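Per TrEMBL, the features are as follows:
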DOMAIN    10-102  domain 'Ig-like'
DOMAIN    119-194  domain 'Ig-like'
DOMAIN    212-297  domain 'Ig-like'
DOMAIN    302-378  domain 'Ig-like'
DOMAIN    384-470  domain 'Ig-like'
DOMAIN    475-569  domain 'Ig-like'
DOMAIN    576-674  domain 'Fibronectin type-III'
DOMAIN    679-776  domain 'Fibronectin type-III'
DOMAIN    781-874  domain 'Fibronectin type-III'
DOMAIN    876-971  domain 'Fibronectin type-III'
Amino acid sequence: MADEATGYGPVFEEQPVETIYPEESPEDRITMNCRARASPPATYKWRKDNTEIDFSAEGSHYSLMGGNLVISSPVKEQHVGNYSCLAANAFGAVVSREASVQFGYLDLFSSEEREAVYVKEGQGAVLLCAPPPHYPAELSFRWILNEFPTFIPLDKRRFVSQITGNLYISKVDSSDSGNYSCIASSPSISKSVFSNYIPLVPLSERHNRKYPADLNVKFPDTTALVGQNITLECFALGNPVPDIMWKKVDGELPSNHEVRTAGAHLHLFNVQFEDSGTYKCEAVNSKGKDYHTARLSVEAFPEWVEHITNTEKDLGSDYTMSCVASGKPEPQIRWMKNGELLDRKEMSFRSLTFDDSGMYQCIAANRHGVIYANAELRVFACAPTFRHNPLKRVLAPRNGRVVIKCRPKGAPKPTFTWSKDTELLSNSTRVFIWEDGSLEILNVTRADEGRYTCFAENDRGKANSTGSLLVLESTKITLAPSSADVKAGENALMHCAASHDPSLDIAFIWSLDGHVIDLHTDSQHYERGTNGSSNGALLIKNAQLKHAGRYTCTAQTPIDNVAASAHLVVRGPPGAPGGVRVMNKTEKSVTLQWSRGNNHSPISKYTIQYRDAFSKGVWKNATTSPPDVEGNAEKATVVDLFPWTEYEFRVIAANTLGTGEPSSPSPKEKTLDAIPVVAPSNISGGGGTSRELTITWTPVQPQHYYGPNFGYIVAFRPYDNREWRKVMVADPLARSYIHKDLTFPPLTKFQVKVKAFNSKGEGPFSLAAVIYSAQDAPSEAPAGFDGKALSATEAFVWWLPLPQDSIDGYQVKFWRNHEESEGGAQTVTASNTDTSTRLEGMKPNSNYLIEVWGYNTAGFGPPSERLVIRTKKAPPSQPPRITSKRMKGHTINIAWENSQPQPDEAAIDGYKVLYRKQGSSQGKLYTTSRRSIDLPLPSEGNYMVEVRAHTEGGDGAVAQIQITGYKFHHLQFTGLLFTLVLFVRARSL
């Protein structure tokens, strides 16, 4: 083999990547890239599914452009598969990573009509997207309402699953009525398709029923890769609209999480192994809750820990190639040489031959992917040569040690001999020839100065090289640093001086506990002495606790170095205690143990702090037994804790110099459970539907649950009865219980009380409260129902009263006959003392159907007889036209003409004239049947006159005119007279 090979094997610069070819692509070709750097240049071959592609085959769609593979007029049945490129030259061959070719498509939605979805208002709805066949699997979804681009906004009530595409509405209301279409988009092929419209028809409900939360979208068990971003979905139907909360069952939610889309999406960014575990989403409303749990597993793509690199090895030497990869599952390693798979688990060579030269690849693979490492192994042999590495002059310290290196290039490995001047050297107590050819001399003296020659020889030839050795004075520490003891904030001076050979430069390097001090970046606390080049003193300014430790001064010249050390003690507030842990625990106490953190001053006391889930991250001082924890203690008992509550603890030490940093938090520990001691408060109730007893309370706060399986026991009895009835409510968030019993007379007087329970037992009852069962719904319809139209938009109705003790009020419902349905009626409520009301917002010249009924908490009674009222025609839409404004002394006459009313407008009965000061809404109102009016002229200021026609349907459009007070007119006249007099005088002159 040549002594120096100038070429090299192929090294990939571009490799094929996964390709998705859209079936509707206007570009009728697929290009797979492959390019390798090589000398001599590489030649290329391609494989499909591990079979070499024949470019010369008849009718082939394949061609080669440089190293790139071009597939012309791709055909799905022929060209889907896995492709790899092989680059080769005289030094060997390498195979690229495999990359697949797939054909991407997104079909149209089915053309079948979608059936309408009918949902009662207050209930939940799910509209199915049913996306069409597609590849790849990833689609994004949006929905439109009625027409493009009216996209449905996502909020707490509406959610679109990005997995199924379905639209979920937790609680339907009348505004949701319309036609819905699902848009499915494929980002890979940049195509979107629309589904046929799905009509959603909300059905009106007189009584809007409540429904407990019901999770309809639940995230599955999920596997994510390290470094990925993932999204978990949860959404619930229910009335009221549920709130969604996320938890990690086996720990805290990762810090890299974000909750979006009103709670329906949990995003985890840059997922790590510690994020794996069981995740829980809870949907809660006032009627109940639902939850779902699933597991997140985190795995990893293969990644090199150690891999092969280009290597030159001597002929006949031993060599082992090593590749180590991490990943989950653990990757399997395979080996290739010159593009061919080897049946070997490891690559170890004994006595390398020229045939072992070539291009090697190790391949690490698990189910998530494949990675390649490529390297060239070159086995060479040549006679020794010092051309690139001759011996040079070497400097050595007197009484020190020196190594003169001999590094010729040669293979097989040469044997070495040395001479000094003309004397052949051999191993002795002071002189050693190493196996690699280096010469070591100990306890160097001036007599060792001279010329040294290294001789190297193998079976291919021999060579030698000569250098010289010069002996200089060694370096010595003349003033070593002394240990010091300072308080935090004080200065400390560490001395250091050294003697050295005057022909050499010297440098002083300081380190603290083995770490070199950077005097430039930490100039705030460190400063070098300036008393000459042989003095390396170090000033430590404003010493802090972190500056304590072992300081080492190293005096260094180009030929040797010496060091001396001293300790600096900085006394300050105590360090953070370590290893805080819970030793034992009860329902209301824990015993903590820790190790002391000291800063060279005795600790005077410890403070213990805690935080729990209810502290919102704030640390609070704990109550301990004994109350004061002395400085020599290493454990204490924390008391007055809540049972069955998860706590973290930390310990802070203090001494005469101050208070130290807190310890790291202890592992979280939960106190033991206990019987509840807090009862629900604000016991109340009453009302509700007929034959019901509604009992309400304020729930117990979670910190008072004291144990698992928390709930409530509700007790009630009729006021004249001795026996209590008890019911168990298992939901800790429950605020009410409704007991239905058809034997209850209306408005029965009850005593009620509530207490809490958990797995450990029952707590105390609350104070008893007196409430009444529900009334019966009214049984009578209001009689004597009558009314009349007041105008085009208003009517007035009246009725005979019902007994006040049977109703809470009245409701009047009105709607336009023929034009409107009863479901779209307007309503007006009146108190139980009212027997009439005004109806507003009506349409002109329309027949209205009107009903009234009594209601109470149990419901509505029967409606009255239906009343028909026709509203008046609308007043004129055109305002009167003001024709003149004439002054008569201190009065002004305003005249107008009226526009003729339209056929559907009311006849004019007269006119209303509002006379007001400009800027004021108040004024004097006049009525007249004439088409003019005399108004008193104001003395000063600007006034507005507003004229409108009056009809039985109301007042028409307004005409306005502005008038000005007579003083202004008088000033105008006086000014004119004064001007006239001046003019006459001028003429006479």
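Cβ atoms here come from the backbone N, Cα and C positions, even for glycine.
With helix defined as DSSP H, G or I and strand as E or B, the domain 'Ig-like' (212-297) counts 6 helix, 55 strand, 25 coil. Contact between the domain 'Ig-like' (10-102) and the domain 'Ig-like' (302-378) is present: at least three CB pairs lie under 8 Å, with pairs separated by 6 or more positions in sequence. Under DSSP, the residues of the domain 'Fibronectin type-III' (781-874) split into helix, strand and coil as follows: 6 helix, 43 strand, 45 coil.
Contact count against the domain 'Fibronectin type-III' (679-776) (Cβ pairs under 8 Å) is highest for 212-297, out of 119-194, 212-297, 876-971. The domain 'Fibronectin type-III' (876-971): residue composition by secondary structure is 6 helix, 58 strand, 32 coil, according to DSSP.
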